[in-house]
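Visitor: First the structure, which I've put down as structure tokens, then a few questions once you've had a look.
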Amino acid sequence: MSWSLHPRNLILYFYALLFLSSTCVAYVATRDNCCILDERFGSYCPTTCGIADFLSTYQTKVDKDLQSLEDILHQVENKTSEVKQLIKAIQLTYNPDESSKPNMIDAATLKSRKMLEEIMKYEASILTHDSSIRYLQEIYNSNNQKIVNLKEKVAQLEAQCQEPCKDTVQIHDITGKDCQDIANKGAKQSGLYFIKPLKANQQFLVYCEIDGSGNGWTVFQKRLDGSVDFKKNWIQYKEGFGHLSPTGTTEFWLGNEKIHLISTQSAIPYALRVELEDWNGRTSTADYAMFKVGPEADKYRLTYAYFAGGDAGDAFDGFDFGDDPSDKFFTSHNGMQFSTWDNDNDKFEGNCAEQDGSGWWMNKCHAGHLNGVYYQGGTYSKASTPNGYDNGIIWATWKTRWYSMKKTTMKIIPFNRLTIGEGQQHHLGGAKQVRPEHPAETEYDSLYPEDDL
């Protein structure tokens with residue numbers, strides 16, 4: 001163990017030097033008394049003188065060392081006092097009793113555990129955010145690629161726009177006053193054509209059905225998939241709605257004003273053909289001679305001379321449903337004005353067009369109704385209708401009122417082009433006359449005043 005630093009060693013060293021110093025002070029050897037016998041050093045005088053000389057030589061150095069040790073002791077005492085004061089201050093500040101130490105350790109442990117849990121949560125959150133950042137970076141890169149692709153497409157479209165526009169729908173060049181006129185001019189293909197009836201201010205587009213015999217039918221109604229909602233207002237039925245296609249595979253209503261202009265334009269009357277198809281693929285037809293639709297001033301009234309034949313039967317003449325003796329009379333359509341939900345012209349105290357969801361030549365209400373609601377599968381019931389009425393696409397003389405057709409077509413042709421098939425009537429004697437309340441309607445050319453589209 002080193003004696004240089006430990007306070008206890010310094011104290012011992014100090015007392016040893018003090019003892020020697022006191023001895024030297026008690027007896028200082030000189031040349032005069034060197035040989036005087038001194039009983040403390042025995043009988044050998046020279047030895048006593050040697051010790052005296054030795055002590056005399058080192059006395060000054062010892063005094064310096066003593067002074068230095070005293071200074072060090074004072075410093076040690078000062079430091080010791082400071083340490084004691086510091087210990088006392090620490091004890092005053094923090095001096096738990098033995099019983100509280102376990103609780104404090106537990107509290108510190110719990111606090112450490114919570115801190116670790118928080119650290120783990122932050123680490124997990126950092127990992128989650130890193131994952132989100134990577135995901136967003138991927139989306140950002142993907143969107144940048146999409147933007148590049150869109151810019152390329154825009155550039156392609158801009159290049160295409162520099163070229164002259166071309167119609168993607170084929171519209172034939174031949175025009176006429178109706179589709180039969182177009183067929184007479186040499187048209188052989190069914191499709192879209194412009195016609196301009198004699199009293200029309202401008203031409204309009206129609207779908208012409210041209211057969212191999214040179215018959216040109218002007219189609220004004222088509223149902224085939226339920227893609228078009230036929231619950232429209234008066235203006236929409238007047239102008240027409242739906243879509244015309246070159247292949248005749250879209251639903252539409254040509255427009256009451258156009259039907260009126262076509263069907264009343266010449267002395268040659270028109271014939272109406274109704275084509276029906278059920279959900280089993282069976283088809284049937286019904287033909288009506290001298291068909292026409294009046295002007296808007298007369299609410300686009302429907303009239304015809306007689307039923308010209310067809311296996312679908314004459315639903316326009318009404319049908320006896322067995323509900324009332326007057327069923328047939330109040331479900332006939334000849335002479336009826338056109339009705340829509342916002343323009344009621346029927347014979348019913350209610351509104352047939354509103355309750356049946358369509359526009360039609362309503363009586364009270366109908367036996368044939370080709371603008372009705374499109375029911376998938378055909379069969380429907382009172383429970384499936386909003387008001388419990390037969391509102392489907394019906395033709396009561398071929399199917400029941402609770403069977404809705406899959407496909408229908410209404411088209412007209414000049415009466416002299418009507419093909420006479422097996423079982424069809426073609427004689428005026430079998431004509432069914434118009435209701436007595438409208439006797440003038442049998443005169444085809446004199447009923448309507450001149451009017452324009």
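Placed from the backbone N, Cα and C atoms, the Cβ positions cover glycine too.
Checked Swiss-Prot, it gives:
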COMPBIAS  442-453  compositional bias 'Acidic residues'
DISULFID  Cys179-Cys208  disulfide bond
DISULFID  Cys352-Cys365  disulfide bond
DOMAIN    170-416  domain 'Fibrinogen C-terminal'
MOD_RES   Tyr444  sulfotyrosine
MOD_RES   Tyr448  sulfotyrosine
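Tell me what's around each of these sites.
Guide: In sequence order, Tyr193, Ile195, Val206, Cys208, Glu209, Ile210, Gly216, Trp217, Thr218, Ile413 make up the list of same-chain residues 6 or more apart from Cys179 (disulfide bond) whose Cβ falls under 8 Å from its Cβ.
Its Cβ taken as reference, Cys365 (disulfide bond) is surrounded by 22 other Cβ atoms within 10 Å in the chains shown.
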Visitor: These are the disulfide-bonded residues: Cys208, Cys352. Which one scores highest on other Cβ atoms within 10 Å?
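Guide: Checking each of Cys208, Cys352, the winner is Cys208.
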Visitor: In DSSP terms, helix, strand or coil for Cys365 (disulfide bond)?
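Guide: It is coil.
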Visitor: Specify the secondary structure state of Cys208 (disulfide bond) as given by DSSP, simplified to three classes.
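Guide: Looking at the DSSP assignment, Cys208 (disulfide bond) belongs to a strand.
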